[in-house]
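Per Swiss-Prot, these features apply:
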type: SIGNAL; residues: 1-21; note: signal peptide
type: DISULFID; residues: 24-45; note: disulfide bond
type: DISULFID; residues: 27-32; note: disulfide bond
type: DISULFID; residues: 38-63; note: disulfide bond
type: DISULFID; residues: 67-78; note: disulfide bond
type: DISULFID; residues: 79-84; note: disulfide bond
């Protein structure tokens, strides 16, 4: 019985994902569904876009270790849950 219990504990530990990796969206379109697994240490999803009236909005999405710095005429949104940068 102890052997069975020990085997179940070992299988459970091996099958569990003990680490957590953030996933963020990464496409340049307004509506996005391409998912990217962030690197270790990247704990932020971001979405940047600028307000160019003639050319429309240009989107940049991805993972980062900190929220990117905003440039003039640019909007930056940051979040920290999976696929939150929609």
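Just so it is clear, glycine is given a Cβ too, placed from its N, Cα and C backbone atoms.
Keep in mind that what you see is a predicted model, and the values were worked out from it rather than measured.
Annotated features, which come from Swiss-Prot, shown on the structure.
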residue : record         : contacts (Cβ under 8 Å, 6+ apart)
24      : disulfide bond : 35, 36, 38, 45, 46, 61, 62, 63, 82, 83, 84, 85
27      : disulfide bond : 33, 34, 59, 61
32      : disulfide bond : 25, 26, 59, 61, 86
67      : disulfide bond : 44, 46, 76, 78
79      : disulfide bond : 44, 45, 46, 85
Cβ neighbour count (10 Å, all chains) around residue 84 (disulfide bond) is 17
